[in-house]
Amino acid sequence: ASFNEAPPGNPKAGEKIFKTKCAQCHTVEKGAGHKEGPNLNGLFGRQSGTTAGYSYSAANKNMAVNWGENTLYDYLLNPKKYIPGTKMVFPGLKKPQERADLIAYLKEATA
């Protein structure tokens, strides 16, 4: 199923998901720097593997994904299947609602 078929996302619920499942490795604030994973500020419309100052896997660079609602929705289901060889150890979010909520939060938090 695609993002177009996903339920409407709730940014507040998405923030909780981010804090429990993503924040140990990622930051969203402008200038917040990298952790285990890259800072996600300016994520939407950016190509995978291009954040300055972060050491990406060759897989993330070579995949050249343009991040947006549709690509994030597919990626967040199963990151290792979407980008084989990614360093991201996160297993993914199986529930469409959780993915929609996280994307709604990221749209606001990374803008």
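Along the chain as shown, residues are numbered 1 onward.
Heads up, the Cβ atoms here are built off N, Cα and C, so glycines get one too.
Going by Swiss-Prot, these are the annotated features:
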type    : residues                   : note
BINDING : Cys22, Cys25, His26, Met88 : heme c binding site
MOD_RES : Ala1                       : N-acetylalanine
MOD_RES : Lys80                      : N6,N6,N6-trimethyllysine
MOD_RES : Lys94                      : N6,N6,N6-trimethyllysine
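Locations of recorded Swiss-Prot features on the structure.
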residue: Ala1; record: N-acetylalanine; contacts (Cβ under 8 Å, 6+ apart): Pro96
residue: Cys22; record: heme c binding site; contacts (Cβ under 8 Å, 6+ apart): Phe90, Leu102
residue: Cys25; record: heme c binding site; contacts (Cβ under 8 Å, 6+ apart): Lys35, Glu36, Gly37, Met88, Phe90
residue: His26; record: heme c binding site; contacts (Cβ under 8 Å, 6+ apart): Phe18, Lys35, Gly37, Pro38, Asn39, Leu40
residue: Lys80; record: N6,N6,N6-trimethyllysine; contacts (Cβ under 8 Å, 6+ apart): Thr86, Met88, Pro91, Gly92
residue: Lys94; record: N6,N6,N6-trimethyllysine; contacts (Cβ under 8 Å, 6+ apart): Leu77
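Sitting within 8 Å of the Cβ centre of Cys22, Cys25, His26, Met88, and not among those site residues for heme c, are the Cβ atoms of Lys21, Ala23, Gln24, Lys35, Glu36, Gly37, Leu40, Phe90. Every protein chain considered, the tally of other Cβ atoms within 10 Å of the Cβ of Met88 (heme c binding site) stands at 20. Spanning the listed heme c site, residues Cys22, Cys25, His26, Met88 have a farthest Cα to Cα distance of 11 Å.
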